[in-house]
Amino acid sequence: MVLVSLVLKHAAPYKAWIAAVFVLQLISTIASLYLPSLNAQIIDKGVSTGDTDFIWSTGMTMLTVCLVQVATAIGAIYFGARTAMAIGRDMRRDFYRKVDSLSALELGRFGTATLITRGTNDVQQVQMLVLMTLNFMVSTPIMCIGGIIMALREDAGLSWLVWVSVPTLFIIVGFLVYLLMPLFRQMQDRIDGINSVLREQIVGIRVVRAFVREPFESERYRTSNENLTRVSVKVGNIFVLMFPVIMMVLHLATAAVLWFGGHRVDAGDMQIGSLTAFLQYLLQILMAVMMGVFMVMMIPRAVVCAERIADVMGTESSQAGPSEPTEETPTHGRVEFRNVTFGYPGAERPVLDNISFTAEPGTTTAIVGSTGAGKTSLINLIPRLYDPQAGEVLIDGVPVSRLTRDQVSSVVGLVSQKPYLFSGTIASNLRFGRASATDDDLWQALRIAQGEDFVKSKEKGLDDPIAQGGTNVSGGQRQRLCIARALVATPRVYLFDDSFSALDVATDARLRDALGEATGDATVIIVAQRISTIIGADQIVVVDDGVIVGRGTHEELVDGNETYRQIVESQLSVEEVA
Ligand code: CTP
Ligand code: MG
C-alpha cells in the first residue's frame, strides 16, 4: 500500500523513538488495565469487611500504578508527537527536493496549485495519521483484548454484554466511516480547486480589475468555495451523527451492566466491586474500539493524500541527465543546434522544425521573428528547460543532455522574457548568479546593465528590498536587474530573450555597447523585436513559424530575405515618422 510504504520509508530514521513510544504505551496501558481490578479489591476485600489496613495498602498501590500510568502516557505522547512531526518534516523536505528536480514539463503537468496543496496539506494529513497511529496502535489492541480478559475474570456471567456491545459499536462506526471515505477524496480535490482559482485571481488581480471582471471572478471563486463547503458539510453531518450514536451505545451498555449485574449481585452471584470493575473494563474496551475506529477513519483520507504525494515522488524527471559530471565543463561556449525539432506535449505540430545553426564564442547571434514564431522555445532549449524530440543542442560539441544541471547553469546565463526576481534585497537577487560576488562585482554588473543610477537612488542601495516576483520595481528596472544578475554569474553563453524591450532606445544602445565589452569572448544570443538592437549582430537568424527562413548579417538579409525585409520595413516606417 502506498501509504504504508511512504510512511515506513520516512519512519526508518526514527526507529529508536518509535520503540520508546511502544514500550511506554505498553506500560501505560497495562497500568490502566490494572486499576479497576485494584479498585474492585478495595471494595470487596477492604470496604465490605472494614479492613482499613488493606484499603490503605491497596490504595497506595493504586496511587503508584496511577503515577506510572500518567508518566508513561505523557512520555509516549511526547515521543509520539516528536516522531510524527519529524516524519512530516522529512516528507516535506523530500517532496520539495523532488519538485525541485522535476523539469518544466512535469511541473506543468501537475500545476502549481496542486503541488502546493500536496506539499503542505496532504503531508499534514499523513502526519496526523502517523501521530494517531503512534498514540493508539499499541494501546488500542491491548486495551481491547486485555480489557476483555480482565472483564471476564471479574465476572464471566456478564460476558455476553461484551460480545454484544463491542460488535454493535464496531458495525455502526464502521458503516459511518465507509460513508466518509469517498467524501475525503473529493475534499482533497476541491481544496486543490479553490487553491488554483484563488492563486490565479491573486496573481492576476490587476487584470481582473482593469477589465472589470470582478463579478465573473467572484462567481468563479464562489462556486469553488461552495463546492468545498458542500463536501465539508456532508462530512460534518456524518460526524454529527457519529458522536451521539457512540454515546448511546456507551450509555446503553452501562445501563445493561448495572441492570443485569445488579440482579446478579442481588442473587449473590457477584460482588459489588466486581460489578464496578466490570463496568470500567467495558467502558475502557468501548473507548478503545472507538479510538481504533477513529484511527481507521483517518486512514482513507491519509491514503488519498499519500497517493497524491507518492504520485509526485514517483515522477521521474524526463530530463534525468547525469548526477555526476561525465563530461568536461564547456570552456568556450560554442552553441550548436543540430536538426532540432521540438513541440510542447499535447500539441499537434512541433513549434520548432529542423533547426540548425551555430553561435560562435566572441560573437553575437540575434534571433528575430514575429510573435509566436518560436524564439523563446528555441532559447529555452539551450539551458535545457525542455528537451527536443529530435536533434541535439550542443555546447562545445557536448549535448546539453550529457551535462549535469550544475554544469549547464554555470555555463549558460539566461535572462528570460518574463524576468523574475525573488523576495529579498537587490544584492541577494544579484548574488543568485554567484554567491561569492563582492559588492564591487555587483556594482560593475549594474553599471553594464544600466542599472547603477536607479539602484544608487534607492535609499539603501544594494540592500533595498525586493518584493516577491520583483513587483516593487518597474518592468524596465526588473529587466536590468535580471541582466545584471546574469552578468554577475559570468557564464560562457549569454541568452537574452527580449530583454531590452522595456528599455528606451537610448538606454538600449548604451547597454549594448557596455555589454559588448563585458561579454568579451563569450557567446551571446539575443532575441529582439527592435531592428536597432540587432543591426550590429555578427549573425542574424530569422525564424518564422518554427523554421529558419534566413541567416546572415543585416546587410545580407535586408536585400535577400523577404521575411526580414518586411520586419525591417514595418519598423523603419515607424521610426522614420517618430
Ligand atoms: N507554446 C506552447 N506552450 C508553451 C509555450 C508556447 O504551446 N508553454 C506555443 C505558443 O502557442 C506559440 C509557440 O509555442 O505558438 C511559440 O512560442 P514562443 O516560442 O514563446 O514564441 P516567441 O517567438 O518567443 O513569441 P514572442 O515574440 O511573443 O515572445
Ligand atoms: Mg518569446
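Placed from the backbone N, Cα and C atoms, the Cβ positions cover glycine too.
As annotated by TrEMBL, transmembrane segment applies to 12-34 (among others).
The domain 'ABC transmembrane type-1' annotation in TrEMBL covers 19-301.
Per TrEMBL, the feature transmembrane segment maps to 54-81 (among others). With a threshold of 8 Å between CB atoms, the same-chain residues lying at least 6 positions outside the transmembrane segment (54-81) that come near it are 17, 20-21, 24-25, 27-28, 31-32, 34-35, 38-39, 41-42, 45-47, 131, 134-135.
According to TrEMBL, the feature transmembrane segment maps to 128-152 (among others).
Non-local neighbours of the transmembrane segment (158-181) in the same chain are 144, 148, 151-152, 235, 238, 241-242, 245-246, 249, 252-253, 256-257, 260-261, 264, 270, 278, 282, 285-286, 289-290, 293, 296-297, 300; each lies 6+ residues outside the stretch with a CB under 8 Å from one of its CB atoms. According to TrEMBL, the feature transmembrane segment maps to 158-181 (among others).
Annotation source TrEMBL lists transmembrane segment at 238-261 (among others). For the transmembrane segment (238-261), the list of distant contacts is 155, 158, 161, 165, 168-169, 172-173, 176, 179-180, 183, 270, 275, 278-279, 282-283, 286, 290: same-chain residues at least six beyond its ends, Cβ to Cβ under 8 Å.
Outside the transmembrane segment (281-299) by six or more residues, the chain places 3, 32-33, 36, 125, 128-129, 132-133, 136-137, 139-141, 143-144, 147-148, 150-151, 154, 161-162, 165-166, 169-170, 173-174, 177, 180, 246, 249-250, 253-254, 257 with a CB less than 8 A from a CB of the stretch. Feature annotation from TrEMBL assigns transmembrane segment to 281-299 (among others).
Marked as domain 'ABC transporter' by TrEMBL: 335-570. Confidence over the domain 'ABC transporter' (335-570), given as mean pLDDT on the 0 to 100 scale, stands at 89.
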Restricting to the same chain and to residues at least six past its boundaries, which positions have a Cβ under 8 Å from a Cβ of the transmembrane segment (128-152)? 3, 7, 11, 18, 21-22, 25-26, 28-30, 32-33, 36-37, 76-77, 79-81, 83-84, 87-88, 158-159, 162, 166, 277-278, 281-282, 284-285, 287-289, 291-292, 294-295, 298-299, 302
